[in-house]
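Participant: Per TrEMBL, region 'Disordered' is recorded for 1-161. What TrEMBL records for 23-54, 71-81, 94-104, 117-127, 138-161 is compositional bias 'Basic and acidic residues'. Sequence annotations record features per position, and here TrEMBL assigns compositional bias 'Low complexity' to 55-64. Positions annotated as domain 'STPR' by TrEMBL: 55-126. TrEMBL lists 84-93, 107-116 with the feature compositional bias 'Polar residues'.
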Amino acid sequence: MPKRKRNSIAQIKTKAKKIKLSRANETDVQRQKRLQAMRDRDKTSRADESKDQQQQRLQVKRIQASASRATESEDQREHRLQTMRIQANTSRATESEDQREHRLQTKRIQANTSRATEYEDQREHRLQKMRKQARTSRATESEDQREHRLQTKRIETSTSRASERHSNLCLEGFHYDPRKDYSKHTNVIIGGMNQICKYCFALKYKCEPPGMCCCSGKVRLPALETPPEPLLSYMSGTTSESKHFLKNIRRYNSCFQMTSFGASSIVGRSGFETTFKVQGQIYHKAGSLLPLPSENAKFLQTYFIGDEEREVNQRCDNISGVRRDIVLNLQRMFHENNQLIKTFKTALEDMPSDECKVVIRADRRPVGEHE
């Protein structure tokens, strides 16, 4: 062996011993600092590498991992797997819902790619390994774990069969199943909402008709006006009042509703319902502008009590969990800015009889307009 080469090998061995000795004596803080510096260098290096360089690096890493695992003992293997399990559990405990979904989707793609290229003997070996792991896992599971596994399997089987029954999605809107993830169906290719209309700049899906949003520029909606105060401040979310308002915005919306929702027939009512099916006409009922002498004001009637303090008290009594000062400020804003309330108040003052009725037909053709 040439003298220069022997010297080079000796220098490498000496350097390796020094590094090993240095790491054996370093503190936990120094070790963390060294590992963080290595991670930063790797991140910078990988950001600049090409696709071929990345493939070459991963291939070298796979060869090194295979060589290392081929020579490790059973104890070393178990220690490595235990370390990997701890790292995986720690990482998954802190990941967000989007990160979890991205990880599972990546894993599904990798599994599908790997299985598509495997030979018959590789497939049989994989299935045999999975069967062995399943038997080992089931032999050590408790009664509760077994029941949970079987229940999960029943749900998956039921979902799978329901998906098979409606695999072509024909009339699927009438058989909606919240347990099914329709975005993963092979016939559902929606994509992202990343298409921009060149007329109104609306965001749309790829296959939506081009004139669906604004009829190719023929329909132009006026710009939304800036909300009056104090609603503008309450919508900002920068103060404690506005944060409370936004958190309870549905309560405040109910405080000032003018009509009640109604239908001619509600199908299949049984106990508490988060959703329901309506048969027939849907309408919003306003009722009379003034309540009967023996009843409290509600909905639109609250606007015509005539006394500001009584009106606020009535709204706070109807809806719990709202702040009186915010209700009062919003009430004054409605009386000052809402044209519908002003019109109703004017009509009430000029109405000669209590028997007058106002009918608003939403589907009637306006005067002078084409059908």
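Any Cβ shown, glycine's included, is placed from N, Cα and C.
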Participant: For the compositional bias 'Basic and acidic residues' (71-81), jot down how many residues DSSP puts in helix, in strand and in coil.
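Facilitator: Tallying H, G and I as helix, E and B as strand, the rest coil: 9 helix, 0 strand, 2 coil.
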Participant: Can you tell me which parts of the same chain pack against the compositional bias 'Basic and acidic residues' (117-127), counting only residues 6+ beyond its ends and a CB-CB cutoff under 8 A?
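Facilitator: Cβ under 8 Å, 6 or more out: none.
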Participant: What is the average pLDDT across the domain 'STPR' (55-126)?
Facilitator: 87
Participant: Mind checking which residues of the chain, 6+ beyond the ends of the compositional bias 'Polar residues' (84-93), have their Cβ under 8 Å from one of its Cβ atoms?
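Facilitator: For the compositional bias 'Polar residues' (84-93), the nonlocal Cβ contacts are 100, 103.
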Participant: Do you know the DSSP helix, strand and coil residue counts for the compositional bias 'Polar residues' (84-93)?
Facilitator: 10 helix, 0 strand, 0 coil
